[in-house]
């Protein structure tokens, strides 16, 4: 294995240490929307001499915290001994400005499944979060389990954790069909279910039985509909007729009430009370006088019997003949 002094390059692969700085230091804010870094021109010269598979992918290692991530490369225009990284990537690896990071070329399998978990529920409030995520991941070369990627939308930054990746913990997402699944956000809280009141064990069965008894329909006789032999529909009584007939049966008529009052009380008392009240009662005084006279003189009260009219007898006339 051949070693190049001063650069730390090996003949079989690329491996070098750089001091990292965020993209904001060099007025390159477009780096924050993806996972690509800017490396010095010497790295390009070394990579060109090696049989490196494209697209170029690299492994980033922080030896102090033992954090590992992966990235792609955008340009080779940085100063020698320096690497420019997105700030969110430095946060994942717990790197500060000027810290040492080891960069090594890597070959990653194409991803088939990725599970994501937003930090806040605000990301789900976006009108179409799936479309925003697909647009953002176009600027990414690879995903590493345990990283938190940043999605910028509508002047706001949303952070999403990479919970799981298949077929490996770090996968390439360039020109591949990858299934994406979402886990509940970190600040998501399930709605509390309403608690039922605690009922003693002895009362619960009795209440259930009462509820069952109340639900059972009561028997109502003579509620069916009648049918005629000639096929015509049954005659329906006019509304209110049955109720009026029942009221007439139950309530006595005014004439019956008056007759009962006359029979129950003396005739003189009844007439005097009616005259006092100012009501007109037709035929009451005359009938009472006639009854009194009939009781005193039964002969006057009785009318003479009518003569019986002769009954008609057929064929009782005289006969006449034309001959003399």
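Glycine too: its Cβ is placed from the backbone N, Cα and C atoms.
According to TrEMBL, the protein has these features:
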type	residues	note
DOMAIN	14-109	domain 'Ubiquitin fusion degradation protein UFD1 N-terminal subdomain 1'
DOMAIN	110-185	domain 'Ubiquitin fusion degradation protein UFD1 N-terminal subdomain 2'
REGION	185-324	region 'Disordered'
COMPBIAS	238-254	compositional bias 'Low complexity'
COMPBIAS	258-275	compositional bias 'Polar residues'
COMPBIAS	288-311	compositional bias 'Basic and acidic residues'
Exercise. DSSP says what for the domain 'Ubiquitin fusion degradation protein UFD1 N-terminal subdomain 1' (14-109): how many helix, strand, coil residues?
Worked result: 24 helix, 37 strand, 35 coil
Exercise. Using DSSP, what's the helix, strand and coil tally for the domain 'Ubiquitin fusion degradation protein UFD1 N-terminal subdomain 2' (110-185)?
Worked result: 14 helix, 34 strand, 28 coil
Seminar exercise, completed: Across the domain 'Ubiquitin fusion degradation protein UFD1 N-terminal subdomain 1' (14-109), the model's average pLDDT, rounded to a whole number, is 91
